[in-house]
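J.: So TrEMBL lists these for the protein:
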DOMAIN    42-293  domain 'G-protein coupled receptors family 1 profile'
TRANSMEM  27-49  transmembrane segment
TRANSMEM  61-87  transmembrane segment
TRANSMEM  93-121  transmembrane segment
TRANSMEM  133-158  transmembrane segment
TRANSMEM  197-222  transmembrane segment
TRANSMEM  243-266  transmembrane segment
TRANSMEM  272-295  transmembrane segment
Amino acid sequence: MPFSNSSELSPSFILASLPGLEAAQSWMAIPLCSAYLLALAGNLAVLLVVRLEPSLHAPMYFFLCMLAAIDLALATATVPRILAFYWFDSREIGFGACLLQMFLIHTLSAVESTVLLAMAVDRYVAICHPLRHAAVLTNAATAKIGLLAVARGVLFFLPLPLLLLPLPFCGSRVLSHSFCLHQDVMNLACANTTPSVVYGLTAILLVMGLDAVLICLSYILILKAVLRLPAWRERLKVFSTCIAHICVVLAFYVPLIGLSVVHRFGKDLAPLVHIVMGNVYILVPAVLNPIIYGVRTKQIQRRILSLI
């Protein structure tokens, strides 16, 4: 029987369970919980170290703090709800809670994409125009970029839940993931979803797609500048300052592209693939980012060891 999202009868959705592994979900949640705790510890450590270490009070590390805060918020918006489902069989999520979770996931992803672009610009200015770096990327400019990233994410992705509000939902209420995504919820509507499809695709292309293109362009310019250096040792030394950022970009965009491909072309794939890709998209950047910068940055290593 169709159900609508009116005040009299608010729809709810069923989170996807691990197919064939329902009895073992409580055990399967243990590695998920471990990854979440690792993400919390790593990102909180980055925030604390940058706060306590004066030598790290620079734009690049302020951007790193922004990434850590975004990863903490994104993981906290999804993983505790997934763990509640796996451990306490709380499969049902209300319509309002689902829309809020969906908004947070897409908005925080957009903010993270913008911050990664800002970090790429920081690397470009530091390598190609080193004398202007301190004047261009000041602490005040870094704070303004952070605020702009948040405003950009909210403005682009706030319409997504608003476009779903008037839609009726009928038939299956089972989602493809253990959390709410726009395309997943939209596919359950029994009405014309063309405006949601068009706007969702446009928003992703204008935010994540454009950011990816600009990040690639910045690294093309960086490579040109590096290759002009006379000695190979000097080239490697300069380019090595970009390795951590490149790894972080890959940790964000590879799961994002993989999840998009699964949604677009993976209708015939096993449900387990959708669930695993969704969890990878949420947790991999949050777990890897502090590890990558912890390994590549000696000041962070020394400060963490001193704290321990």
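Each residue, glycine too, has its Cβ placed from N, Cα and C.
Where in this structure would I find these features, and how exposed are they?
T.: Panel annotation: around the transmembrane segment (27-49), residues 18, 21, 56, 64-65, 68-69, 71-72, 75, 79-80, 82-83, 86-87, 279, 283, 286-287, 289-291, 293-294, 299-300, 303-304, 307 of the same chain, lying at least six beyond its termini, place a Cβ under 8 Å from a Cβ of the stretch.
Residues of the same chain lying 6 or more positions beyond the ends of the transmembrane segment (93-121) and with a Cβ under 8 Å from any Cβ of it are 5, 10-15, 60, 63-64, 66-67, 70-71, 73-74, 77-78, 81, 137, 142, 145-146, 148-150, 152-154, 156-158, 160-161, 164-165, 179-182, 185, 203, 207-208, 211-212, 214-215, 218-219, 245, 248-249, 252, 256, 282, 285.
Listed by sequence, the residues of this chain that lie at least six past the ends of the transmembrane segment (133-158) yet keep a Cβ under 8 A from its Cβ atoms are 57, 59, 62-63, 66, 103, 106-111, 114-115, 118, 121-122, 125-126, 203, 206-207.
A Cβ distance under 8 Å defines the sequence-distant neighbours of the transmembrane segment (243-266), meaning residues of its chain 6+ beyond its ends; these are 67, 109, 112-113, 116, 119-120, 123, 176, 181, 183-184, 204, 208, 212, 215, 219, 273-274, 277-278, 280-281, 284-285, 288-289, 292-293, 295-297.
Distant neighbours of the transmembrane segment (272-295): 16, 18-19, 32, 35-36, 38-39, 42-43, 45-46, 64, 67-68, 71-72, 74-75, 78-79, 82, 105, 112, 176-179, 181, 244, 247-248, 251-252, 255-256, 258-259, 262-263, 266, 301, 304; these residues of the same chain sit at least 6 beyond its ends, with a Cβ under 8 Å from one of its Cβ atoms.
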J.: Where else in the chain does the transmembrane segment (61-87) make close Cβ contacts, counting only residues six or more beyond its ends and a cut-off under 8 Å?
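T.: For the transmembrane segment (61-87), the list is 15, 17, 25-26, 28-29, 32-33, 36, 39-40, 43-44, 46-47, 50, 93, 101, 104-105, 108-109, 111-112, 115-116, 118-119, 122, 139, 142-143, 145-146, 149, 178-179, 248, 279, 282-283, 285-286, 289-290, 293.
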